[in-house]
Every structure is written in C-alpha cells, then in structure tokens.
Amino acid sequence: MEGVSATMHKLRPYLLMIFLQFGAAGTYIVIMATLNQGQNRYVVIVYRNLVAALVLAPFALIFERKVRPKMTLSVLWKIMALGFLEPVLDQGFGYLGMNMTSATYTSAIMNILPSVTFIIAWILRMEKVNIAEVRSKAKIIGTLVGLGGALVMTLYKGPLIPLPWSNPNMDQQNGHTNNSQDHNNWVVGTLLILLGCVAWSGFYVLQSITIKTYPADLSLSALICLAGAVQSFAVALVVERHPSGWAVGWDARLFAPLYTGIVSSGITYYVQGMVMKTRGPVFVTAFNPLCMILVALIASFILHEQIHFGCVIGGAVIAAGLYMVVWGKGKDYEVSGLDILEKNSLQELPITTKSEDDNKLVSSISDNSNVTIPGGAHSNTSGI
C-alpha cells in the first residue's frame, strides 16, 4: 500500500499538468464556439476577466491578508499596464486572429511565447546571453527555430489531413470555400495572433518587474483581471453598442466566461503554482505542446475544424524550438542554484538546519531570477 502511495505521489505532478492541458485546450474550444455564435470578442473578454477577478479575490483576501504590501501609485500604473497588455491586447488580437484562422492554428502559434519573451527580455537587458555557453546557444537557436515554424505555418497550408471522424463532404466543401476566399485573411489572422503573443510576452516581462515590489501573487492577479475587465469594458462600449450584443443565454456565451474565469484563471493558477513549487517553471512549460495536440483533436471533432499538413509541420517545428528554449532556461536555473548554494556555503555558518538551507536557497533563486518562463509561478494564466 505504501508503494502505491509513493508511486502516486511521484506521478501527481505529471497527472496535474496533463489535467491542466485538458483545461487549457477546453479554453480554446469554448472561446472559438462563442466567437462562432457571433459574440463580440471584447464582450467575452470583459465577462471572462470579471469572473476571474471574482474567483481570485476571495482567496487573495484570505491567504494574503498579512503579506499584501501597500498599494503605491507606481504599482497601480503597472497593474493598469498589465491589464492592458494581457486581457485587452493579447486576448483582443488573439481572439480576432483565432476567428480568422482556427483554434488549432492559434494554439500551435502560441507555443512561440517563450521565444518571444526571451527576445523582449534580452532587448531590455533582463536576460543574459553568452554565445560561448551551450545554454545560451540553445535559447537563441530555439528562438529562431520557433519563429521559423511560425513562418512555415503562415506561408504553407498544405493538403488536408483526413481524420476517421471527419466528414469528407464537409471537408471538401470547406476547402472549396477557403480557396475562394482571400488568402490574406489567413496571413492577417497569423499577424494578429503574433501581435497578441508579443503583448503576452510583454506582460510576462512587466509582471516579473511588478512582482518584486508587490509580492502578492493572488492579489496581483486579481487586480490585473479587474483592470483588464474595466479597460475591456471601455473598448467594448465603443465596438458593441447594441444591448443584444451583451446578452448571454444558456449556451456557449454563458459557459465561456464561467469556464475560462474559473478553470483558466482560478483552478489553473492554484494547480500551476503548486506544481511549480516542487518541480520548477521548466517542468510546467514543457507540457504546453500537449495542449496543441488536444486542441487539434477536439476542435476537429466538435468544431469540425480542418487540419492541414502545414499546420502539423509548423507546429512540430515550433514545439522543437520551445523545448530548446526551456532546456536552455532550465540550465540557467541550475547554474543559478549552484551559484547561490556555493555563495551560502562560503558566507554562512557551517551549522544550519536542512530546512533553513532549503528556504534560503529557494528565496535566493527567486530574488535573483530574471524573467519567469511563461507558465511559471508568477503567471496570471488568463491568456488565450
């Protein structure tokens, strides 16, 4: 019995991350279904982030009551900027691009997020790069490979891949319709998704700065969602003036904000943070390509989306680039941990307890890390 318990304890992080990827895949599906029903994307964003703020706020008030720092004008401006970058720009561009392409395509493109974050952090001198080191080469090459995969998906669609549950007549009809439409829609949709990805990466960079002066994860995430809901509401009032556009019924228009607010922000935030504490951000990010596969299968079955050969090839290339970047970043964490451990062994008294050493090591690594990999401990997890 103890052996079974020990095995389940070892498997728990893997099972939890697989569960989260199913939840993330569901986000793409329900959002796409809502957009297909004609719901304005900014109305969806308002409801989604409002639900997320309501879900996170009680936990923030209870668990961070004694550790929440005082709000300053500087932190407030950063929170407003974070709410504009992630909910307004990222989700706004991402949803529009998804509507022009597909949920499968969007989930594949979004795997270049770590690469884009690396580029922005490097430009801002927040990411150290040494060409002589293998880990830096891995991050650079992985970034180029990921961008190359996105380029392949943009320029090459390729033939349709027949699936056992697909309807050949429907695939032929949809393919004919797509050929008759302006191909620029596909390119424009890709550019919009990439713009959303850049905004999301900028969000992670700014969040890594903000968390140093406001180290209350739950409170910060709740405030970001609230700021995003308020700013999205202002945009939505301009683009959607008819009251009927704000109406929700017992369909995807009601289910989408509830699902994304509770699952994508509430449950995902808690589970992701719990796994990150024991296995690190690289472990969390490494499961992202599974979401792409799940979206492709579920969307083709429920939404009758087509899967093109170019999407498969490009997605595989992007996934390869993703793993190269997270491998290089993982080596950064290992080196950082060894440096801190060596420094502590030289500066501290030789007699300490194991728990004190562990706490100092974790605290030091947290204080000296640069930009958290997307999906890490400081992730708001309320993206697309």
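The backbone N, Cα and C atoms fix where each Cβ goes, and this holds for glycine too.
In Swiss-Prot this protein carries:
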- 25-154: domain 'EamA 1' (DOMAIN)
- 198-326: domain 'EamA 2' (DOMAIN)
- 15-35: transmembrane segment (TRANSMEM)
- 43-63: transmembrane segment (TRANSMEM)
- 73-93: transmembrane segment (TRANSMEM)
- 104-124: transmembrane segment (TRANSMEM)
- 140-160: transmembrane segment (TRANSMEM)
- 186-206: transmembrane segment (TRANSMEM)
- 219-239: transmembrane segment (TRANSMEM)
- 255-275: transmembrane segment (TRANSMEM)
- 282-302: transmembrane segment (TRANSMEM)
- 307-327: transmembrane segment (TRANSMEM)
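Mean model confidence for the domain 'EamA 2' (198-326) is a pLDDT of 87.
Looking at 15-35, 43-63, 73-93, 140-160, the range that has the most CB pairs within less than 8 A of the transmembrane segment (282-302) turns out to be 15-35. Tertiary proximity for the transmembrane segment (15-35) is limited to same-chain residues at least six positions away from its ends with a CB under 8 Å from its CB atoms, namely 41, 44, 95, 98-99, 102-103, 106-107, 252-253, 255-256, 259-260, 263-264, 267-268, 271-272, 274-275, 283-284, 287-288, 290-291, 294-295, 298-299, 302-303, 384. With pairs at least 6 apart in sequence, the transmembrane segment (307-327) and the transmembrane segment (140-160) have 3 or more Cβ pairs within the 8 Å limit; the two touch. The transmembrane segment (73-93) shares more Cβ pairs under 8 Å with 219-239 than with any other stretch in the list 43-63, 104-124, 219-239. Panel annotation: around the transmembrane segment (186-206), residues 78, 81-82, 85-86, 89-94, 96-101, 105-106, 109-110, 112-113, 116-117, 119-121, 124, 126, 150, 153-154, 157, 371-372, 374, 378-380, 383-384 of the same chain, lying at least six beyond its termini, place a Cβ under 8 Å from a Cβ of the stretch.
By the Cβ criterion (distance under 8 Å, sequence gap of 6 or more), the transmembrane segment (307-327) is counted as touching the transmembrane segment (104-124), at least 3 such pairs being found. Cβ atoms under 8 Å from those of the transmembrane segment (219-239) belong to residues 40, 42-43, 45-46, 49-50, 52-53, 56-57, 60, 64, 68, 79-80, 82-84, 86-88, 91-92, 207, 210-211, 265, 269, 380-382 of the same chain, restricted to positions at least 6 beyond its ends. Across the domain 'EamA 2' (198-326), DSSP helix (H, G, I), strand (E, B) and coil residues number 109 helix, 1 strand, 19 coil.
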